[in-house]
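**Student:** Let me begin by handing over the structure; questions about it come next.
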Amino acid sequence: RGRGEMRRRCLLLLLALLCEPGRGREPGPGAVTCGSVLKLLNTRHNVRLHSHEVKYGSGSGQQSVTGVEASDDANSYWRIRGKNDDTCQRGTPVKCGQAIRLTHVNTGKNLHTHHFPSPLSNNQEVSAFGDDGEGDDLDIWTVQCSGTHWEREDAVRFKHIGTDVFLSITGEQYGHPIRGQREVHGMPSPNHHNYWMAMEGVFIKPSMDPAKHDEL
């Protein structure tokens, strides 16, 4: 009887620990944070989100966004920013469902989509738009993930707020002058073509509790 009572108490203690308020909600060391600069890998096609000073020859004529196989291309870095700069303080973990902008580091343009057909698949064109990180409301995407925060080891989706499409790649390849690069476009439904994972980059550490900053 004593052993059964001890087992019952151990079980209750374990349940209490598992159900502790807030447990599992705190961002881990692998959280993607505001201000971080990273590369994003499409997990289905194994290419990284990319842009460059090459404009579309059709559609909007804006700066093109593609997928590249090379992991060391400097034109594949994107900075994580908020819907506006007040909503995404540097070092703050990005929450699942949060509205963000992705700014291409080398050109200062934001990941953007709008109602133009993409050149190869006739899905929705994705471009890079704006100057020095400032574009318009069609630069805003929400991070779709399963937990509380966007963790670096998680595959996530990016859903466009203005047009409800998902950032996707289905494998179509361009010819000259960007031979072999994949088309990036928006698709209306979630599927295995629109999962992305954070890869190489500079990740700003999550902010400490302001009351504890003196421990640094």
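From the backbone N, Cα and C atoms, a Cβ is placed for every residue, glycine too.
Under the heading domain 'MIR', TrEMBL lists 29-83, 91-146, 147-201. Sequence annotations record features per position, and here TrEMBL assigns signal peptide to 1-24.
Please go over these features one by one and say how buried each is and what sits next to it.
**Tutor:** Secondary structure of the domain 'MIR' (29-83), assigned with DSSP and counted as helix (H, G, I), strand (E, B) and coil, comes to 3 helix, 28 strand, 24 coil.
For the domain 'MIR' (147-201), the number of residues in each DSSP class (helix H, G, I; strand E, B; coil) is 3 helix, 22 strand, 30 coil.
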